[in-house]
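K.L.:
Next up is a structure, given as C-alpha cells.
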Amino acid sequence: MDPIRVVITGAAGQIAYSLLHSVAKGDVFGKDQPVELMLLDIEPMMTVLGGVVMEVMDCSLPLVRNVVPTADPMVAFKDADVAMLVGAMPRREGMERKDLLKANVKIFKAQGQAMDDVAKKTIKVVVVGNPANTNAFICAKYAPSIPKENFSALTRLDQNRAQAQVANKLGIPCNDVNNCIIWGNHSSTQFPDVSYATVKVAGKELEANSAIKDDHWVRNDFISTVQKRGACVIAARKLSSAMSAANAIVDHVRDWWQGSGDRMVSMAVWSNDNKYGIASELMYSFPVKTAAKGKIEIVNGLKIEEWQRERMDLTCKELVEERDAALAECEE
Ligand code: NAI
C-alpha cells in the first residue's frame, strides 16, 4: 500500500508529543497503512523537533516510511493527504480564548494559503489549535480551491469528556455510553447534550436521560463541568490538556478516515448543510456520521426542545462574533 502524507503542526509541542506514537503505529489510519510524517513547527523549535524525530525513529515502527521536520509550510503541506493543525499559542491560566484569537488566527490564514498552493485537493484537515472552530474557518477561507467540507475542528475531546461524565454518573464503562453530542463552539459556550444518548446498564440499552433520572444534573452541573473542564485541567497542570487532546484527535481522524458506523460523533464542520437554523459559513459542532474516507454528513432532523434551542443559539452567536473578529484581523 502506498504511504499517505500526514502533516502534524506544532510538532515540537506537548499535544504532538502524545499524538505522534498513535499516528505512527496505525491507530488512526489502520494497521496496514504506511505514513509519511511531515512535522511542522517554527524555526526556534527545530532543535527540539530534531529530538522528537529521533524518538519517532527509535520507536522502530514499520508503518513509518519517512519523517520530515520543517519550519516551512510549503514543504510540510506539499501533496498532503491529512493535516492535524495543532500548532498555535496555547491558552494559559486566566487567559480567555478570545485573547488567543488575535495571536493565532494569522497562523491559520498562512497555512490555508500554503495548503491551497501545494496540498492535495482531497486533503482532510482537523484544526486543534485554539480558537479551533474559528481557526478552521479562516484556514478554509484562505484555501478556496479545497472544498469546505474537507475542513473540521476538534470537539471530540468535549464529547469524550461528556461521555466520561455520564459513565461516571451511572457507574458504567465509557464505551457503554453512545451519541453524546457537542453543539457549537469549542469554548465555554459549547452545549454538551445527552438528549439522544444511549447507555447500556446491566446489559440493557436505555435512553441516557431515563437511566440518569436527574434532569437538573443534565441541564446544569453536567453541562458546566464539560464546558469548564479544559480550564480546570489548566488550573491544575498549568498546561492545557495534552494526553486527552491527543486521544481525541486520534478518535476524530480515525472516524473520518475509517468511518463512524452507526454512531453519531461530534465534529465542528462547515455549517451550510445544517437544518437546525444555525447560521451558514461557520465551523459549528454538530452530530455527524462519516463513511470511510468520505464526506462528513451532518445528522439533521433530531428533535430540538426550547431549552436546547437557546443554548444552540448562544454558542452560534459567539461563533459569529469570533468569525467576524477573525476576518477583520486577517484583512488588516
Ligand atoms: P504547546 O505550546 O506545547 O505546543 C504548540 C506548538 O505549536 C509549539 O511547539 C509551537 O512552537 C508551535 N507553533 C506555534 N506557532 C506555530 C506555527 N505558526 N506553525 C507551526 N507550529 C507552531 O501547545 P499544546 O499544548 O500542544 O497545544 C496546542 C494548541 O492546541 C493550543 O492552541 C491549545 O489551546 C489547543 N488545544 C485544543 C484543544 C481542543 O480540544 N480543540 C484541547 C487542548 C489544547
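Cβ atoms are placed via backbone N, Cα and C, with glycine included.
In TrEMBL, annotation is done automatically, which means it is predicted and not curated.
According to TrEMBL:
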DOMAIN    5-151  domain 'Lactate/malate dehydrogenase N-terminal'
BINDING   Asp41, Asn104, Val128, Gly129, Asn130  NAD(+) binding site
BINDING   Arg91, Arg97, Asn130, Arg161  substrate binding site
DOMAIN    155-328  domain 'Lactate/malate dehydrogenase C-terminal'
ACT_SITE  His186  active site, proton acceptor
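Provide an account of the burial state, proximal residues and distances for the features listed.
P.N.:
Just so you know, the Cβ of Val128 (NAD(+) binding site) picks up 28 other Cβ atoms within 10 Å once every protein chain is counted. Secondary structure at Val128 (NAD(+) binding site), as computed by DSSP, is coil.
When secondary structure is read from DSSP and collapsed to three states, His186 (active site, proton acceptor) falls in the coil class. Cβ contacts within 10 Å of His186 (active site, proton acceptor), excluding its own Cβ and spanning all protein chains shown: 29.
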K.L.:
With helix taken as DSSP H, G or I, strand as E or B and everything else coil, how many residues of the domain 'Lactate/malate dehydrogenase N-terminal' (5-151) land in each class?
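P.N.:
Taking each residue of the domain 'Lactate/malate dehydrogenase N-terminal' (5-151) in turn, the totals are 66 helix, 27 strand, 54 coil.
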K.L.:
Output: those recorded positions from Asp41, Gly129, Arg161, His186 whose CB lies less than 6 Å from an atom of ligand 1, in sequence order; none if no residue fits.
P.N.:
Asp41, Gly129, His186
K.L.:
Can you give the mean pLDDT for the domain 'Lactate/malate dehydrogenase N-terminal' (5-151), rounded to a whole number?
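P.N.:
Looking only at the domain 'Lactate/malate dehydrogenase N-terminal' (5-151), pLDDT averages out to 95.
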K.L.:
How big is the Cα-to-Cα gap, in Å, between Asp41 (NAD(+) binding site) and His186 (active site, proton acceptor)?
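P.N.:
One finds 23 Å between the Cα atoms of these residues.
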